[in-house]
Amino acid sequence: MEQPLLSMEGISKSFNGIKVLDSVSFSLRKGEVHALMGGNGAGKSTLMKILTGVYQADEGEIFIEGKKVSINNTEDAERNYISMIFQEFSLVPTLTVAQNIFLTREPKNAIGILNDKECIAKTKELLKELEVDINPTDIIGNLGVGYWQMTEIAKALSQNAKILIMDEPTSSLTKKETEILFNFINKLKKKGISIIYISHRMDEIFQICDRITILRDGKKIATESCDEITMETVIQHMVGADLDKAFEWKERFYSIEGTPILEVKNLSSGTKVKDISFRLYPGEILGVAGLMGSGRSEMVRAIFGIDPIDGGEIFVKGKKHTIKSPTDAIAAGLALIPEDRRMQGLILQHSVKENIILPIISKIKKGVFLDERKANKIAEKFVERLNIKTDDIFKTAGLLSGGNQQKIVLAKWLANNPDILILDEPTIGVDIAAKTEIIDIIRELADSGKSILVISSELPELLAVSDRIIVVHEGRVVKELKRKEIDSEEVLQHAIQGTK
Amino acid sequence: MPSKVQNNLSPAKRLKAFDWRNYIVYIAFVGVIIYFSITLHDEGFLTTSNLLNIARQTAMISIMGVAMTFVISTGEIDLSVGSITALASLTAALALQAGLGLFGGIAAGLGTGLAIGIINGLLITKVAIPSFLVTLGMMGIVKGLAMWITGTAPVPIVHSTFNFLFGSGDIGSIPILLIWTLIITIIGHIILKKTAFGRQTLATGGNEMAAKFSGVKTSKIKFLVFVGSGLMAGFAGMLYAGRMHAGRYTFGEGDELSVIAAVILGGTSLFGGVGTVIGTVIGSLMIGTINNGLIIMGLDVSQQMIVKGLIIILAVAFGRKTLKK
Amino acid sequence: MPSKVQNNLSPAKRLKAFDWRNYIVYIAFVGVIIYFSITLHDEGFLTTSNLLNIARQTAMISIMGVAMTFVISTGEIDLSVGSITALASLTAALALQAGLGLFGGIAAGLGTGLAIGIINGLLITKVAIPSFLVTLGMMGIVKGLAMWITGTAPVPIVHSTFNFLFGSGDIGSIPILLIWTLIITIIGHIILKKTAFGRQTLATGGNEMAAKFSGVKTSKIKFLVFVGSGLMAGFAGMLYAGRMHAGRYTFGEGDELSVIAAVILGGTSLFGGVGTVIGTVIGSLMIGTINNGLIIMGLDVSQQMIVKGLIIILAVAFGRKTLKK
Amino acid sequence: GCNQKESDSNSSDGSSETGNTETTEVAENTASGPITINPDISGDQEILSKGPHGETAVSAKTLQLTEEEVNKIKEGNYKAAIVMHYAGNDWSTAQIDGLKAAFKRMGIEVVAVTDANFKAEKQVSDIETVLAKDPDIIVSIPVDPVSTASAYKKAADAGVKLVFMDNAPQGLEAGKDYVSVVSADNYGNGVVAAEIMAEKLGGKGKVGVIFHDADFFVTKQRTEAFEKTIKEKYPDIKIVARGGITAPNDGEKVASGMLTKHPDLDGIFVVWDVPAEGALAAARTAGRDDLVITTIDLGTNVALEIASGGIVKGLGAQLPYDQGIAEAILAGYALLGKQAPAYVAVPALKVTEENVLDAWKLVYHKDAPESIQNAAK
Ligand SMILES: Nc1ncnc2c1ncn2[C@@H]1O[C@H](COP(=O)(O)OP(=O)(O)OP(=O)(O)O)[C@@H](O)[C@H]1O
Ligand SMILES: Nc1ncnc2c1ncn2[C@@H]1O[C@H](COP(=O)(O)OP(=O)(O)OP(=O)(O)O)[C@@H](O)[C@H]1O
Ligand SMILES: [Mg+2]
Ligand SMILES: [Mg+2]
């Protein structure tokens, strides 16, 4: 058999005495797309960070083309033509798209003066190839997570890497962008570039990958060719058990008579939300579909009082509400789980517990003081319920794996028990087992009379959970579909694309 | 503040950072005490009266430091505290001179701090000017007012109850300044660590956006921490007045830097999200102890400045090393 | 620095913030100029010689401000600059006195700044002590050294070329201080906006972790900005020396705050990631113009302080309002 | 002038109530006739201070502008600027008031008063700024005689008449570059403080000295005078401790340290009154009611302490208001082309419990505040 391009042998890594990688071996052939799978906290990102020099392995060796290499920092990785799209974004929010893409590789003239024009032109080209509609001079901090992810991808592609690591590149992308990315990956493959692909979207794996390596609890379980393994086996390896009911829609019954619990009339806000109207009934799960940039996030931001409302009205339980801040929204019984967990969802340097109890902090009191015991109990309950992988509830949130961070964001708002729960991409980065769990939790909540608005770019998930789906296009609701009327993903996909 | 921020340390680094910053000031403080106890044991350093002097001398910085811990925990800064102490010492003294009595004096002193704190808070939260600029401007305005109100003349205080209660008195052999320090420290510690307000303060500093999404009224929190800082600066001004039996526009000059230094030395992050009241007070005591020890040692002012600077840097560097292992 | 940070403003808010901070200082500056031109047009405010005086008086703050813009852009702070100017003025003067000639004097002044900048940079990047503490400690050490080196006595400089080149000379009718300011400003602006180093400085302050992931040597960047700050403070010290024909330990006292104020007023974010050299220099000129105008207006010192504070706050508040529309 | 360095407010407090308004009236009351300093100031005291170039002092009592001379000056419509080292204390306030009152009588407009806040570089800027207003006279006190010299030289070359308080910039010549230096008798004040100390200690004991740790002419003279007098005249009094301060708020810390280290200390001399208040607080805290503190400058708080027979036993006082008048008179000399003495001093004033109320009146041209009057009863 030919020599692998890369092989990692017996890699172990502990944090604070807790082993997160246990003698893992991994190999990558030239020109292959190799999926790295595993539940949240299995150690995927850690393994890849060892490969890119962000962390150093406690034990184990790395070989590239048979030669042993030591990778101690990002420059060593770059020297070995390894480049990575990080799960925690490596973009500087205060710089522009173009500046970020070419950071440390800026085009410049002979005396070191930057050539901004060239930088922008090159960026434009790259973005055009990726078919993303971003202005290269936009400040990254002003863009949504979807665009961050596209910029990350553009950045990684602009480096001439031999090994390209993609850690959940599509978690915030819709189908359209995902397809473009896959086309791109195929082109790279043909050029002989090897790709390590991490994702929790199972269907993608089989669409794009040649081989799969599965990790569970820091140990390697298997490496198989994609042709020889079924999705069920992969899931079984990942979870360590069978997962029977993945993503199945169940018809639910609730009344759409009477007053809606939330009614939005002709809402407009900023440039992206133009004229949005919809109703949400008690006990209903309403899905929101749309392309990236269609204005779904902006819509809920406006409803939740973050962005100013330029026009339209919001009724909660039949009563008109002027919501000017999240505090107003929360007082009206709303809760929003934001799409961007790092910027909007979490206080990364605070503990898991502090994050979970923050929305309800003024409610867990003993006299004037905080009831620490009760707070701990609540935090522990949700860590258990959402199966958050953490050493304990006092671990710093920023140290958890991406998926587990996302679960904390969910836990925060579940703990608050609101009447109306708005979820913006609630399952970004969450593993398959947890996704089904979350879908169950959403259903349970709805069954208990809560009303839920879910935005998701992952259509199978959206289809599995929604009772009704509205499609947003360029800031307007263009279609409303009863779930019963949708008999395939394609139907919804067409509605989203506006292609009929 | 238009430029609030969030932590982006590498997880690993932050964990370590969190560790050493929590303990370094205690280690450094104990080290300083031991050092002076050995080198100055014949010179009265370890006498009760000297140690109580240190407590007296640091009381105002400690008390303002407690409030500043909250301000810095939200990622903001208050440069106006030094000036506020000056103005408050004068308004309290003038009220007493005008015969408004003990409560009049207290009301004037605290009211001054409160009023300025409220203005600071409103400008920062409603007009959204960066706190650095608001409180820098306010520092000048308040200092100017303090100079102008009596034409730079000090105002003597002959009200002995006031002087006793706010600065000069001892209860038994315990200076009243020490008692005030303890009371404010304990209250501050409890508020920061044991109440929802404290948690929300830290959350605001940790990630203002996320805190807002979680329903924290970050503007209200910021407003309140500035009100608290103003109030405590007013209180410190009364303590200066009671200790010196006078109000004067130079009191508290440069204290803003000492206060911020105590807070940072104590382990509170200048970028918000992490704060410790106890650390602040220990930081303040440590600086006070160094000042005291070096004076007793008989060093020149220039030598004192050099050695003090070295101790601060070396103590932190040493603690950093020790805890790294 | 263990507590580096990243921006977490809401996208919408950040966009706005970015906007007004870019222009407010220019508007405020023009407003101040117009105001004084109208009210003081009989009093010599608008004469060339007075305007050139403003340029002379603000040169050192502007020059240190250029370097401080880089420091603050990385999210750090340098409190030692004021002390460095004092020590550098003395070492330059002593070198000239010792007959080491023009180049000896320049080497001594710049070398002092450079050496302290290097020590600051090493302590911050290698020992990882927060820059606030390092430079606060260094401020005391350097000030102490400046006092100690000549026992607080000033050292006169009789070297006329030195005095001409660094502070006192005019080329034609243009003060050499203005020329230095322009040169440093232009170089600083180009480095910040047009070179990879500048880009990486802003990236380091914008999100240190992300910058590191992208291959920016953030430690090296931070080290270099502190070296630059030390060097420019040393240069400013020479300018003080040349302007005053002497070295003295009090030169530059309190300048750290004026410099930081100019930088923040100019629109650089105290949290890093956003910086503008031109804004800083305009900020420095604006403060200098206010000082000058208020003196010409004949206000009392206390009134000057009050009005200056008010102008800073109101200018920013007003600009904020105007740009909101 | 007790023009201390760094941020201090030295000195004679309480003048504000006095100074700003009423003293001016005092000058206006005598709106005609010759201008002299307050005739109540005793003139028989020998002036001990020497000028910046070692000149022997001429008493300010000898200065005079006759009525005709005043009228002649009035015709000139002259402009004056006052460039202070620091304006935030009563010494400065009283001095400025004296100047303004006298200038008013001479028909001279005061076009600017600046405050360098003890920063030499700021003072140079101030001189430049003030020159934009084209004054005929600048009355000033240099923060530092060395580093401000070139700026003053520029002003002198531009034809501005310079009168200095306390100290003259280096390299400038009296009669050529500047008119004259008017000083308080700082050396004499130091001697007064030493004598009161010796008197109260019965010529025996251990004392500490809190001095100004800076190269500052005025405060150096005082400390030197105190220490020299003690050493030479009172051999049984030993100076056992010396502590430097750079800012007035440091007084308490340094005095506390001294009392910790030397619990048997009998007295402390503090270089000016504001840090002396700190020493007072330290003595009170230490329960040392028997300590003797002497200092320089008659501030409200120390005056109160003296009047009530407290720990501060006495001090040497300056007469800043009259110093200001003397400076204005000398400016008048220059405008008239009259020969002016190079170094003029205003005598030192010994203040103890016995004469504190009279001294107050002499210094501030008004009665002592009620609190002090009550205390003196
Ligand atoms: N710096 C760190 N300090 C402590 N624990 C860490 C650190 N980095 C990672 N971990 C822990 O290591 C484990 C593996 O994390 P990793 O990020 O590799 O998971 P992952 O497989 O990428 O999961 P996900 O799918 O959720 O992204 C997690 O339990 C995480 O909490
Ligand atoms: N000009 C802007 N001003 C403020 N925020 C913006 C701006 N442009 C984009 N955003 C941010 O972008 C995010 C959503 O971006 P996007 O355009 O992708 O909309 P979307 O419909 O929610 O699509 P998706 O959720 O698939 O990303 C929101 O969080 C919003 O705050
Ligand atoms: Mg991961
Ligand atoms: Mg979105």
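Positions of Cβ are set from backbone N, Cα and C atoms, glycine also.
Residues or ranges marked as transmembrane segment by TrEMBL: C:20-38 (among others).
Within its own chain, the transmembrane segment (C:54-72) has Cβ neighbours under 8 Å at 78, 81, 85, 131, 175, 177-178, 180-181, 184-185, 187-188, 191-192, 198, 201, 205, 225-226, 228-229, 231-233, 235-236, 239-240, 243, 252, 255, 258-260, 262-264, 266, 268-270, 272, 275-277, 280-281, 283-285, 287-289, 291-292, counting only residues six or more beyond its boundaries. Per TrEMBL, the feature transmembrane segment maps to C:54-72 (among others).
Here TrEMBL flags C:79-96 (among others) as transmembrane segment. Within the same chain, residues 60, 64, 67-68, 102, 104-113, 116-117, 120, 132, 135-136, 138-143, 145-146, 149-150, 155-159, 162, 229-230, 232-238, 240-241, 244, 246-256, 259 sit at least 6 positions outside the transmembrane segment (C:79-96) and bring their C-beta atoms closer than 8 Å to a C-beta of that stretch.
Residues annotated as transmembrane segment in TrEMBL: C:102-124 (among others).
Among the features that TrEMBL reports, transmembrane segment is placed at C:131-151 (among others).
Look at TrEMBL and you will find C:171-192 (among others) tagged as transmembrane segment.
Among the features that TrEMBL reports, transmembrane segment is placed at C:221-240 (among others).
Annotation comment: TrEMBL describes C:260-282 (among others) as transmembrane segment.
As annotated by TrEMBL, transmembrane segment applies to C:294-318 (among others).
Within the same chain, the transmembrane segment (C:102-124) stays apart from the transmembrane segment (C:260-282): fewer than three Cβ pairs sit under 8 Å, each pair at least 6 residues apart. When each of C:20-38, C:131-151, C:171-192 is checked for Cβ pairs under 8 Å to the transmembrane segment (C:260-282), C:20-38 comes out on top. Using a Cβ-Cβ cut-off under 8 Å and counting only residues 6 or more beyond its ends in the same chain, the transmembrane segment (C:171-192) has close neighbours at 48, 52, 55-56, 58-59, 62-63, 66-67, 69-70, 73, 164-165, 198, 201-202, 232, 235, 239, 243, 275-278, 281. No contact links the transmembrane segment (C:20-38) to the transmembrane segment (C:221-240), because fewer than 3 Cβ pairs that are 6 or more residues apart lie under 8 A.
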